[in-house]
Each structure stands twice: as C-alpha cells, then as structure tokens.
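Enquirer: After the structure tokens below, expect a handful of questions from me.
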C-alpha cells in the first residue's frame, strides 16, 4: 500500500472508569462523548493526509470488532468525508482485537495483575483466563500473513491507503511484527493516545 495508518480507538467508557468491566463485556464498551470528538478530530487529520497527496488512491479499512473501534471508524470516516465509492474494502478483523484480560474484570484483581505484569514483563505475562502480549503477537502475525497475500493478489494495490483501527497494545504489537522489534524494544514502548494516528509511508 501507499501508506498504512494505525489508529487507536477514541476514549472509551473503560478508559475513564475501570469498574465498567465488572458488568459490561470488554467488546461492548462504547466511546465517551470525548472519544467521539477525538475520532472526529482523527477523521479531519485523515482527510488532510488524503487531500495532501494527489496520488492517493482508494482506502481499505480493517478494524477490531470491538464496539469502541467500530464507533471510531464511523466517526472518523464521516468527519473525513471519504465517499463510499473510494472505500474498496471494509472488514472487521477479530485478530486485531484487544488483548483478552479475562471475562468480567474485578478492578482490584486487575491492578494486582498489572503490578505482576510489570515485574514479569509486559510481553510474556499472561492474564488469568486471558492472553499475554505474546499471544496477541501470534494472532497479529497470522493476520499480517493474510494481508501480504491480499497485496499479492491485488486486493490491496500500491496506491491504497490502509486504515487500521485497533487498540493501543495491539497497535504496538503490529509495529513490533512489522519492524521486527525485539522483546526488549517492545517493553520500552507505551500505548499511543486515544484516536492518535500513526502513519507509515513508503
């Protein structure tokens, strides 16, 4: 593709109140009003990128199936004013979903787990009934293999802008796999801000 743009979802209810996870499944947690505003601002930034490139071609969107990512896509694309005719692909991709932290999450236990994770290492630590960063890396890797095949088959052309709307840790693991970072290099990174665009260009 001409460029790949990674976007973390806008601020979600879980970002401001972790007790949300005690009664709402992670994949159903929605954006806050601020998160919707952030997604719209990201859309305006996305528009500037496309408008500033006369050779920019179609747009292909991959997004996590989680509600906060789906809502981010809708607000971003609407604010960017991208016509449907320009969007040649739009897929929900479960392999770029959030790290699984377990089902309904007790805030106190999660805080304890995160302390243990920092001591053990954020990449290899596996949450009880959930995933490790390494698990997410593995599924992200299989998705990238699918992406490479779609490039080879011409579904994603050299002038395509690929928009990936996902989660903070997942975005970092995509970058880790793409740029062949070491585990130590990954451990030095932190999540991007909500609705922050990370642009990779050829």
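Glycine is no exception: its Cβ is also placed from the backbone N, Cα and C atoms.
Curation plays no part in TrEMBL annotations; they are all automatic predictions.
From TrEMBL, here are the annotated features:
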- 9: active site, tele-phosphohistidine intermediate (ACT_SITE)
- 98: active site, proton donor/acceptor (ACT_SITE)
- 8, 9, 10, 11, 12, 13, 14, 15, 68, 109: substrate binding site (BINDING)
Enquirer: Can you give me the Cα-Cα distance between residue 14 (substrate binding site) and residue 98 (active site, proton donor/acceptor) in Å, rounded to a whole number?
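Expert: Computed Cα spacing between residue 14 (substrate binding site) and residue 98 (active site, proton donor/acceptor) is 13 Å.
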Enquirer: Which site among 10, 14 has the most other CB atoms no more than 10 Å from its CB, taking these as binding-site residues?
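Expert: That would be 10, with the most Cβ atoms nearby.
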Enquirer: Under DSSP, is residue 68 (substrate binding site) part of a helix or a strand, or is it coil?
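Expert: In the DSSP reduction, residue 68 (substrate binding site) maps to helix.
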Enquirer: Which one of these recorded positions has the most other Cβ atoms within 10 Å of its own Cβ: 8, 9, 68?
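Expert: The residue with the densest Cβ neighbourhood is 9.
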Enquirer: Could you say whether, by DSSP, residue 8 (substrate binding site) belongs to a helix, a strand or a coil region?
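Expert: In three-state terms, residue 8 (substrate binding site) counts as strand.
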Enquirer: Measuring Cα to Cα, how many Å separate the residue listed as 'active site, proton donor/acceptor' from residue 68 (substrate binding site)?
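Expert: The residue listed as 'active site, proton donor/acceptor' to residue 68 (substrate binding site), Cα-Cα distance: 11 Å.
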Enquirer: Just how many other Cβ atoms lie inside 10 Å of the Cβ on the residue listed as 'active site, proton donor/acceptor'?
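Expert: Neighbour count, Cβ to Cβ under the 10 Å cut-off: 22.
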Enquirer: Give me the largest Cα to Cα distance among 8, 9, 10, 11, 12, 13, 14, 15, 68, 109, the residues the record lists as binding substrate, in Å as a whole number.
Expert: 25
Enquirer: Just to verify a number: CA distance, residue 68 (substrate binding site) to the residue listed as 'active site, tele-phosphohistidine intermediate', in angstrom, no decimals.
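Expert: It is 6 Å, counting Cα to Cα.
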